[in-house]
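Engineer: Grabbed the feature section from TrEMBL, which reads as follows:
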DOMAIN    19-205  domain 'FAD-binding PCMH-type'
BINDING   139, 140, 141, 142, 143, 155, 195, 215  FAD binding site
BINDING   571, 602, 715, 890  Mo-molybdopterin binding site
BINDING   683  substrate binding site
ACT_SITE  1065  active site, proton acceptor
C-alpha cells in the first residue's frame, strides 16, 4: 500500500503553521509559505535564517538549471502572498505580480478582443520559453530575478526590456519603481529585496509602432536556451511623396550573447533616431552594433552570437528600406509569393506528416504481424516496473559518486563542506573497502579493464573516487556535490587529452590481429591509375551520449550465506554478475543479477554501467544493508563516456568520370582510458565505408589511449562514423569534378563480385544484394528530379534561405551469436519464456519472442483460436536462471533469442506431438487438455536450447537508402528538415510495427549525432554538456516535417531467422542524408555570398565536422553575409 511520505507531512505541517498565523521561532528543514509580505520579512529576519541554506522560490524551476548549486534543505515559497499573484490591466498596459506563472502571463497578454501588437509579440515569444510544463509553474518574477542576480540567459528579460517595462521592488518597508534597464544594472538582489510586480506598457496609443522579437536556439519551439535573443520597438513615419521611412523612436534590446544581462543598445538607438532607413545607414548600424555586442571572454561561439545580433537587426529594419528592394526574378508558380526571406513562410511551422509503407508477411503467423508491443499499456500508464520503481527494502541506504575533476592527479584526501547533507552521510565506500580476495575492477571487457575506484591516483576526469552512502538519495547526491577533494600533481606527466597528444606520445590501445580489417588491392597501383587525387583531407566527428530515458540504476540486497541479489538496469546481466563476484571475491553463484526491462540502453548500459552495479553491491555487501543508486543525469553523462570521437585523413585517387581507383585512410580514434570496445571500432568504420567500391584500399589505424572517460559502444558504434566518412569522400570527389553527387555514388557501387572481395562470406548470394535497386528506387525517379528542379528554383529566388537535397545509401554488417532460451508450459497451459541475455529495452524483443513462441507451438494448438499469444509471458533476465546469456546489443538480439526459442519449442513439440496424436483419436484436443494429459503422464514441459549459428552464415549485410531535403536560414544557421524518405530492406520482418519504430528512432538519433548533440568537455576532459539544459537531443520540432518510411521485403533467405533482418542500428546511418543535404544548402549559400567565404573556388569544397550545429552552419555560410550584402549598395 502506498503511504504519504513522512518527510512531506512535516513540510506541510510547517507550511500550515505559518498559514494559521503561528510565527516560527526558527527556520529548520522543510518548506515555509508566508501569507503576506510582512510574514515573509518576519521569516528572513530570524536569527536562524541563513541565505546559504534557505532558498526563496515561487516555481523553483531554477533547480533544473543550477543543479550543482541547488543544495538547499529549507525553502520559502512566495506563492502564498496574494500581492505577488495580482494582475491589473488597463489601457496603459498590464501589471503582473512577480509570482504569476509564465503561462498565466501569456494568457493575460492575449486577453481582449484586440490585443496590442506588443502584447501579442511578447506572448508569442514567451510561448517559446522552456516547455509548457515549466511555463505552468515558473514565475515571470523568478525569471527576471535569475537574470538580475546571475548570468541567466533570459529571453523574457530581453523582450520586456525593449517594451520599456517597469518593476516594483520592496526592500524592508520601502517600495520603489525602476525601469527594467535600471533594475538589471543594480547590484544583485538579496533576500531583503522582494520583486513585487512588472508593468508592461501596451503602446496602444502610439501610431505606426513596430515591435518584433527574435531568438536563435537549437530548438525552434522552445525548451532550449538561446544563443542570442533580441527585441526591437520602433515608431516610424512615412513620407507620402517619396515613401521614405523615418525612425522616430527606436528601442533595441539584446541578450544571451555572452553578457551579464540583457542590454539596450543606446548608442545605436541614438544613431538611428530620426534617420531614413537605407542601405548605407544599415551598414553603419551594423558597424556600431559590433562595437556594442562584445561577448565576454570564454563565451562559446562568440563571433556567431555577434553575427546573430546583426542578423536580427537586419531582419527588423531592412523591410523599411525601399532602397534594399531587389528586382523580382522570374519564378515558378509554386514560389510566386516568395519575395524574400522576410516575407516567406517560416518552415518551422509546416505541419508534420508521415507515411509508412509496409508489406505484412502472413507466412509464419503470428510472426510477421504488426501486433502491439508487449507491455505498451503498462509503459504508457506508468505502471511498468523499472529498477527504481521497486519499493525500497527496510533500512535501505542510498549511494552517490564522488568523481575526480582532474584527468591525472594524486588523490590526497576527501572531506565535506559542513551541511545537513554531510551530517546524513553514513560512510564513504572506496577502494580500501574491497574485501580480501576481491579485485578493484569496475568496467571491463576482453580488451582491458579499469579500476572501480581510484586508489591513490586518478587517471581521468570522471573517475569514481568513492561512493557516498546516506539515508536518502537526495542527501547522498548533495553530500557528493559538497565533497572537497585534495589533489597533488607531483611527479606526473601532463595528461593525454586529445588524439593529437596520444599520437605524439604513442599512447595506443592494441588492435588484435584477428580484428584488423582487410586491405584490398595495391594502393600504389590504384593511385597510378587515377586522373585526379585529393591529398590528406580531414573529417572530424565528435562524441555522443547514450541519452536513455532511465539513467543507470541499481538496487543491491545482501542475502544469507554470503550471497547478494542485485537488480540492475543492465544490458549485460552476465557481465554484471562476473564483475560483482570478482570485486567481492566470491563465487559467481553467490551473485544473482535480475533485469526486467530498461528505459533505453543504446550500448551505455553494457560495459560502462558496470561500476555503478559493482559499487552498489560492494556497499551492500560491506554494510549488510540494502543499497540503492540512481545516477542523476549529470553524473551519468560524466561517467558513461559516449561514442568514440574520430578523426580521419584521406587521400583518394579517381578518374574524370568519378570512378574511384584508390583510397588511403589514416584513422584516429579516441578510446579513452581503457580498451572497452575500442579495438572493434576500426573494423566497424572500415566495414561501413565499404558500401562503396574503392578499387584499392589501404589504411593506418590507431586507437588512442587518453586520460578521458572510456568510450564505449553507442548505437551503430563505428558504422555511423564510417558511413559518414565515405559520404564525405564521395561528395569531395563530386565537388572537385563538378559532377552530380548521386552520379558519383552510383558509379562506385559494388557489383556482387567486388562486394565479395570487400565483405567475404557476409556478402551472401547475388540475389540478396538489394542496395542498387533500393538507391535507384529513390534517386532515379522523375519525382526526385522534379524536387531537385524545385529546389534549384527556390534557391534562385531566395537569398536568405537555401535548400538542399541528397540521397544516401548504406550497408551494415551484423553478426548473430550463440544465445540460450527456455520455454516452459505451466499446468494451466500458460507459457513462460526466458531469453537469457535478451533484455527488453524498448526494441520489442519480448513482443517478437511471444510471436515466435506462438508460431512454433502452432501445430499443437491450431484449434481456430487467435488468442494463443495471450498465454505467453516473457520473464525477466536472471543470471542464476539462464546461464550463457550474453548481452543485448548489435541489432541481432531479437533474432538470436527467437531462434533459441524456436529450438526450445521444437523440443516441446517433439514431446507433446505423440500425446496429442493419441488424444486426437477421440476428437479435437484443446490446448489445456493436452497440457493436463502431458503433465499427468510426466512429460517434461520445459525445454532449453542454446542456438549456435553456423560460422559461414553468422554474418550478413543490411541495406537501405534515404533522401532528405533541408532548408537552412543563412542569417541564423538554423536547419529545418523538410522531408526524409527512407527505404529499408528489413527482410521478412518479425514484427513490422516494432521494426518501424526502430527504423524511425534510429534515424532521428543519427540526426541528433550529426546536427545537435555537442558532447563537450573542459580543458581537463570533464564533460560540461552534462544535462538537458545544454545537451539537446532531437525533439518534435527538429524531426522531418514530412517523414516517410518504406520497408522492402527481400526474398526468402534460409540463412536468416525466418528470413528476417536487423532493424535496431543500421537505419541510424541513413541520417547522413540530412547532413549531405545540409552541405548542398550551405554550398548554395556560399556561392551566393562567395565574398563572405573567401572566394567562389573555395565555396564548393569545405569541411563539415560533426555535429554540424547552428553556429557551424552559420560560420560555413559566412559570418559577415549581412555586411557584405549591404556594402553592395554603397
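Cβ coordinates are placed from backbone N, Cα and C, and glycine is handled just like the others.
Each of these features: where is it, how hidden is it, and who are its neighbours?
Structural biologist: On the 0 to 100 pLDDT scale, the model's mean across the domain 'FAD-binding PCMH-type' (19-205) is 91.
Over all protein chains present, the Cβ of residue 141 (FAD binding site) has 23 other Cβ atoms lying within 10 Å.
Taking a C-beta cut-off of under 8 Å and a sequence gap of six or more, residue 571 (Mo-molybdopterin binding site) has these contacts in its own chain: 598, 601, 603, 605, 606, 609, 839, 841, 887, 888, 889.
Over all protein chains present, the Cβ of residue 683 (substrate binding site) has 20 other Cβ atoms lying within 10 Å.
Other C-beta atoms found within 10 angstroms of the C-beta of residue 1065 (active site, proton acceptor) number 27, with every protein chain shown included.
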Engineer: Looking only at 139, 140, 141, 142, 143, 155, 195, 215, which the record lists for FAD, tell me the maximum pairwise CA distance in angstrom.
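Structural biologist: Among the residues the record ties to FAD, max Cα distance equals 26 Å.
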Engineer: For residue 715 (Mo-molybdopterin binding site), identify the closest of the binding-site residues 139, 140, 683, judging by Cα separation.
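Structural biologist: Nearest in space to residue 715 (Mo-molybdopterin binding site), counting only the binding-site residues, is 683.
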Engineer: Excluding near sequence neighbours, so keeping only residues 6 or more apart in the same chain, what lies with its CB under 8 A of residue 142 (FAD binding site)?
Structural biologist: 57, 58, 59, 61, 62, 98, 99
Engineer: Please report the distance from the Cα of residue 215 (FAD binding site) to the Cα of residue 683 (substrate binding site), rounded to the nearest angstrom.
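Structural biologist: Rounded to a whole number, the Cα-Cα distance is 43 Å.
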Engineer: Please give the Mo-molybdopterin site's span as the largest CA-CA distance among 571, 602, 715, 890, to the nearest whole angstrom.
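Structural biologist: Between the outermost Cα atoms of 571, 602, 715, 890, the distance is 13 Å.
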Engineer: Return the residues near residue 140 (FAD binding site) by Cβ distance under 8 Å, restricted to its own chain and a separation of at least 6 in sequence.
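Structural biologist: Listed in sequence order: 96, 98, 100, 101, 102, 105, 156, 198.
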Engineer: Going by C-alpha positions, which of the recorded positions (602, 683, 890, 1065) is nearest residue 155 (FAD binding site)?
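Structural biologist: Going through 602, 683, 890, 1065 one by one, the Cα closest to that of residue 155 (FAD binding site) is 602.
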Engineer: Measure from the Cα of residue 141 (FAD binding site) to the Cα of every one of the recorded positions 683, 890, 1065, then give the nearest.
Structural biologist: 1065
Engineer: I want the residues beyond 571, 602, 715, 890 whose C-beta is within 8 angstroms of the mean position of the Mo-molybdopterin site's C-beta atoms, in chain order.
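Structural biologist: Neighbours found: 601, 603, 604, 606, 713, 714, 888, 889, 1064, 1065.
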Engineer: For residue 683 (substrate binding site) and residue 602 (Mo-molybdopterin binding site), determine the Cα separation and express it in whole Å.
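Structural biologist: That comes out at 19 Å between the alpha carbons.
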Engineer: Spatially, which candidate from the recorded positions 139, 143, 195, 1065 is nearest to residue 890 (Mo-molybdopterin binding site), comparing Cα atoms?
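Structural biologist: That would be 1065, nearest by Cα distance.
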Engineer: Roughly how many Å separate the Cα of residue 139 (FAD binding site) from that of residue 602 (Mo-molybdopterin binding site), to the nearest whole number?
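Structural biologist: It is 37 Å, counting Cα to Cα.
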